[in-house]
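Below: one structure, written as structure tokens.
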């Protein structure tokens, strides 16, 4: 069992375009989302194994689309003083200092960032919320070149605003799909909840972007394992742990800093089923969280898949959409699932989802239980909504056995997923949101 932090805090987490989400408009077609997902996970895989430079020279596939990360929306503020505060979901219309914001979360990135004034369009992208203005914050300050904080940027550093290291520290993040953000690295007061603040929180103040970003998000709250992330910066106070619950489409989830959600933050029952965080020769990037999948069960029966095919490791990823398996494991899952679903009419594939069904006119659909078996004996039974996506089996194969796989957020639905980095484990608790 894992004990919640006595002083932990949590904020709501919403799916993009869900009824509880701050996003508006129509979601992109599933085929487009799957193309974005494939391009992104291909890059994360190369990033994890060191095949590409961490941020300066990522792969540049010909994919032109908008990110569809889950949105973090809660009591989160940057700045204080004379009207320079940016808050996520702090809908306090009586307080002119508070500017409602929305951010995406990403467990495979390290540097938190938001768009900041000056930020002219189209140099920046239009966003739903007002821009954060660091000039109006009495507690904010640029990080100086040559400082320890600037040095910790590592590959995200982008030089200095003045020669001879006397100016402001600059950052640059380039994503897999050719999107980019750059600006000033700065510090300010971070407010996660009315009772939880952190002084000198470091983040990127973006003054320019390239590519398509969702207007519903003002930036990204990064939760990776590197020294720049929200997790690392709050580790001394919160014990280097966080958890989240990806909600069903009609519900809201949560992000908890400091361990499992307690009180109003989450539900669920029982203790966490845990599996070790692993490091192996294939994964050299500390940003990425990797576990070892060992098997799959369908309708309570373990598939005949040698555990060695999973030896490349599996990335726990908040932003990956579907779970990607070694081809041997995927073929076994597909065969067992098709056999169990033999009463239903099949239809053409959707993107890289090749096992799809036509449920038009069908009143009741019976789907076999699918469970993931992890190192250490943790067996995670997936929610029904985590097995099918738009009528298709929500899994896909990676290029080869022994390659790095992914646990997508579709499969994580309704589970509280605990990243106990200090304890070296990932935990799962069902029915938490």
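Placement of Cβ uses the backbone N, Cα and C atoms for every residue, glycine included.
Those TrEMBL annotations? Automatic predictions, nothing curated.
Within the model, the domain 'Peptidase A1' (88-429) shows a mean pLDDT value of 89, rounded to a whole number. TrEMBL lists 88-429 with the feature domain 'Peptidase A1'.
DSSP gives residue 106 (active site) a strand state. The active site annotation in TrEMBL covers 106 (among others).
Annotation comment: TrEMBL describes 317 (among others) as active site. For residue 317 (active site), the same-chain residues that are 6 or more apart in sequence and have a Cβ closer than 8 Å to its Cβ are 41, 44, 107, 108, 289, 406, 407, 408, 409.
The number of other Cβ atoms within 10 Å of the Cβ belonging to residue 106 (active site), over all protein chains shown, comes to 25. Classification of residue 317 (active site) by DSSP places it in coil, neither helical nor stranded.
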